[in-house]
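To start, the structure under review is shown below, and the notes come after it.
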Amino acid sequence: MARVSSFLFVLSLLCVLPLCLCDKSYGGKLNPWFYAHSCPKAGEIVRSVVANAVARETRMAASLMRLHFHDCFVQGCDGSLLLDSSGRIVSEKSSNPNSKSARGFEVVDQIKAQLEKECPGTVSCADILTLAARDSSVLTGGPSWMVPLGRRDSRSASLSGSNNNIPAPNNTFQTILSKFNRQGLDVTDLVALSGSHTIGFSRCTSFRQRLYNQSGNGRPDMTLEQSFAANLRQRCPRSGGDQNLSVLDIVSAARFDNSYFKNLIEKMGLLNSDV
Ligand SMILES: *[C@@H]1O[C@H](CO)[C@@H](O)[C@H](O)[C@H]1NC(C)=O
Ligand SMILES: *[C@@H]1O[C@H](CO)[C@@H](O)[C@H](O)[C@H]1NC(C)=O
Ligand SMILES: *[C@@H]1O[C@H](CO)[C@@H](O)[C@H](O)[C@H]1NC(C)=O
């Protein structure tokens, strides 16, 4: 009897072992199969809503990717960005990096609504943002990756965290690097994640300084390619047109590729932070 039970014990260990390995390689509790039993269609539902949204408007891919980034830099990837103001919560949506520029919330709402129908109270909004960012990359021709899942949603937001942690378009390199370091990310991560500017748009307010008054002496940024700068000035006048958009990647604005990095070498990056 003792033999049988110790045999069973070893057997049960063997069964559990692969799970333990998965847990380790995916940083504790997160793993790509987190919803395999509780909501097997979760990944497919996210993908199809994102695909529809990006088919309607290509820009949405960049917008969703940015939501994930702006969520993760404040209290970790916990969906805090999605919380509206109420009670003690002051929404991150009103921060400088998000106000008038964070978009795609209605797509997240659509995904959440479909998931609630399929498997109520199961899939976190933090995981939705993470999956939607990956799907946005794939849908615009970029890389795919396995998304470890199982994040839990925050019940609190941090407006000051949003204002202080997220890099601004006119931050110096040192400031941007220290903001990445604060998230446990290094200079390689900084360069790689900046590459997300291979898709999407930026508002005139975010790059006007470069066009007219880069260093406070009334001169433009001389490192900008001149005809590129002239073109930008037409869309982004000295005053007015704050919300006017320009593409972040002048060569292939809707395609996730490496032309963003090539543009930088050609002095055709849009933001100071890109350069
Ligand atoms: C960056 O932009 C903000 C907002 O437009 C401005 O207040 C600040 O002075 C700028 N910082 C630098 C270093 O130019
Ligand atoms: C340029 O910026 C400086 C300080 O940021 C300001 O004092 C100056 O008036 C600006 N010049 C022009 C031409 O806008
Ligand atoms: C915004 O950009 C458009 C071109 O796309 C331009 O016609 C318009 O004049 C710009 N707005 C302002 C206020 O300059």
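Glycine is treated like the rest: Cβ placed from N, Cα and C.
Together with Asp71, Val74, Gly76, Asp78, Ser80, the Ca(2+) 1 site in TrEMBL holds one more listed residue from Glu57, Glu92, which is Glu92. Site annotation (TrEMBL, ligand Ca(2+) 2) includes Thr198, Asp249; from Asp189, Asp257, the additional listed residue is Asp257. Using a 10 Å Cα-Cα cut-off from His197 (heme b binding site), the binding-site residues that qualify among Val74, Ser80, Asp249 are Asp249. Of the chain residues outside the Ca(2+) 1 site list Asp71, Val74, Gly76, Asp78, Ser80, Glu92, His70, Cys72, Phe73, Gln75, Cys77, Gly79, Leu81, Ala126, Ser154, Ala157, Ser158, Gly161, Ser162 have their Cβ within 8 Å of the site's Cβ mean position. The distance from the Cα of Asp257 (Ca(2+) 2 binding site) to the Cα of His70 (active site, proton acceptor) comes to 22 Å.
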